[in-house]
Amino acid sequence: MAGSPNEDSEGSRITYVKGDLFACPQTDSLVHCISEDCRMGAGIAVLFKKKFGGVQELLNQQKKSGEVAVLKRDGRYIYYLITKKRASHKPTYENLRKSLEAMKSHCLKNGVTDLSMPRIGCGLDRLQWENVSAIIEEVFEATDIRITVYTL
């Protein structure tokens, strides 16, 4: 069985890389969490806003908590998991799971095989990575989608 030494469990969906998320392969789609108001005023969301813009495009999609907004940039998708109503709120694991399910559907419909993300929901949003990673594993277990998580 092939696997990297950093994988905790056999057959893990998630590979961990220490480095800059934005240096991931151009073929990877990117993922992060935002609120319905698309403020993106703190944390890694600020970098997504600067790099990819499209705030009005995201707002026009009128996505609610538990859904996913999507931008297409340079031949790849940028996924915005909508995990809370307002920027000042905190997300729930349930909304995170629903938005991951919505993203999975989009990935499968559009042939996306590689996702790169930070430890979503675990910075300013204060979710626990052991819970978040378990949800990611469950949501993507019956797919061939590869997930790389970047940490600094």
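Indices start at 1 and increase along the chain as displayed.
Positions of Cβ are set from backbone N, Cα and C atoms, glycine also.
Under the heading domain 'Macro', Swiss-Prot lists 2-152, citing sequence analysis as support.
Summarising the annotation, Swiss-Prot assigns N-acetylalanine to ALA2 and lists similarity to another entry as the type of evidence.
For SER4, the entry in Swiss-Prot reads phosphoserine.
Here Swiss-Prot flags LEU21, ARG119, ILE120, GLY121, CYS122, GLY123, LEU124, ASP125, LEU152 as substrate binding site. Sequence-distant contacts (6 or more apart, same chain, Cβ under 8 Å) of ILE120 (substrate binding site) comprise VAL31, HIS32, CYS33, LEU81, LEU96, VAL132. The secondary structure of ILE120 (substrate binding site), as reduced to three states from DSSP, is coil rather than helix or strand.
The Cβ of LYS84 (active site, nucleophile) has SER35, GLU36, SER65, LYS90, PRO91, THR92, ASN95, ASP125 as same-chain neighbours under 8 Å, each 6 or more residues away in sequence. As annotated by Swiss-Prot, active site, nucleophile applies to LYS84.
Sequence annotations record features per position, and here Swiss-Prot assigns active site, proton acceptor to ASP125 based on similarity to another entry. The DSSP secondary structure for ASP125 (active site, proton acceptor) is coil.
In the structure shown, the C-beta of LEU21 has more C-beta neighbours within 10 angstroms than that of any other entry among the binding-site residues LEU21, CYS122, LEU124, LEU152. If you draw a 10 Å sphere around the CB of ASP125 (active site, proton acceptor), it holds 17 other CB atoms from the protein chains shown. LEU152 (substrate binding site) falls outside any helix or strand according to DSSP and counts as coil.
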